[in-house]
Amino acid sequence: ARFEITNRCTYTVWAASVPVGGGVQLNPGQSWSVDVPAGTKGARVWARTGCNFDGSGRGGCQTGDCGGVLDCKAYGAPPNTLAEYGLNGFNNLDFFDISLVDGFNVPMDFSPTSNGCTRGISCTADINGQCPSELKTQGGCNNPCTVFKTDQYCCNSGSCGPTDYSRFFKQRCPDAYSYPKDDPPSTFTCNGGTDYRVVFCP
């Protein structure tokens with residue numbers, strides 16, 4: 001599957017794609033194409049902001065940092081708006097979602113572009129600007145689990161319900177996962193072999 005990752009923000013982001021892709025700097029208007037093998041699971045695409053890297057690709061980012069390297073091998077540090085997917089899973093379906101379980105840093109659209117699959121997801125609200133003060137952080141809005149680390153928000157025991165904080169995210173981005181046990185409608189499917197695009201600041 002081909003993933004086209006485009007930065008429509010007015011500022012530079014450092015896109016990340018794991019486990020396939022790594023990371024690149026995307027200036028406003030730039031795109032990056034990643035070819036992802038069939039069967040790839042547990043995959044994420046996200047934007048990093050406020051980064052500084054040296055010539056060898058070492059440094060760090062204000063949001064979404066993946067261990068201080070440009071070429072990500074690991075997931076990013078919250079807060080980061082996540083495009084998550086698994087390809088060719090049950091019944092050869094692709095499963096994809098936008099998740100705010102690790103908080104929000106950059107608005108995002110995640111949509112299929114082929115195979116007759118048309119239902120995409122977007123999360124474009126001004127979550128950073130409206131973020132509750134206790135969740136605010138440099139460059140983003142944290143999920144309460146990151147801040148409070150309690151079972152109520154993190155669902156470590158496997159069962160938990162929505163909270164005022166998760167509703168804050170859900171009201172602004174109804175198609176995105178707002179907490180770990182959020183409703184299944186937050187996950188979307190296409191037939192295997194579909195191509196996708198991720199747009200930052202759509």
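Here the Cβ of each residue, glycine as well, is placed from N, Cα and C on the backbone.
As given in Swiss-Prot:
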DISULFID  C9-C201  disulfide bond
DISULFID  C51-C61  disulfide bond
DISULFID  C66-C72  disulfide bond
DISULFID  C117-C190  disulfide bond
DISULFID  C123-C173  disulfide bond
DISULFID  C131-C141  disulfide bond
DISULFID  C145-C154  disulfide bond
DISULFID  C155-C160  disulfide bond
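Proximity to C145 (disulfide bond), defined by a C-alpha to C-alpha distance within 10 angstroms, is shown by the following disulfide-bonded residues from C51, C72, C117, C155: C155.
Taking C61, C72, C117, C201 as the disulfide-bonded residues under consideration, the smallest Cα distance to C131 (disulfide bond) is found for C201.
C190 (disulfide bond) and C155 (disulfide bond) are 28 Å apart (CA-CA, integer value). The disulfide-bonded residues considered are C66, C154, C190; of these, C154 has the fewest other C-beta atoms within 10 angstroms of its C-beta.
The closest partner of C123 (disulfide bond) among the disulfide-bonded residues, by CA position, is C201; the full candidate set was C9, C117, C141, C190, C201.
Taking the Cα atom of each, C9 (disulfide bond) and C154 (disulfide bond) are about 30 angstrom apart. The closest partner of C154 (disulfide bond) among the disulfide-bonded residues, by CA position, is C141; the full candidate set was C117, C141, C173, C201. Sequence-distant contacts of C201 (disulfide bond), defined by Cβ-Cβ distance under 8 angstroms and a gap of at least six in the same chain, are N7, R8, C9, T10, V106, P107, T124. Other Cβ atoms within 10 Å of the Cβ of C123 (disulfide bond), summed over all protein chains shown, number 26.
The DSSP secondary structure for C154 (disulfide bond) is helix. Taking the Cβ of C72 (disulfide bond) as centre and 10 Å as the limit, one finds 24 other Cβ atoms among all the protein chains shown. For the disulfide-bonded residues listed here (C141, C145, C155, C173), the lowest count of other CB atoms within 10 A around the CB belongs to C155.
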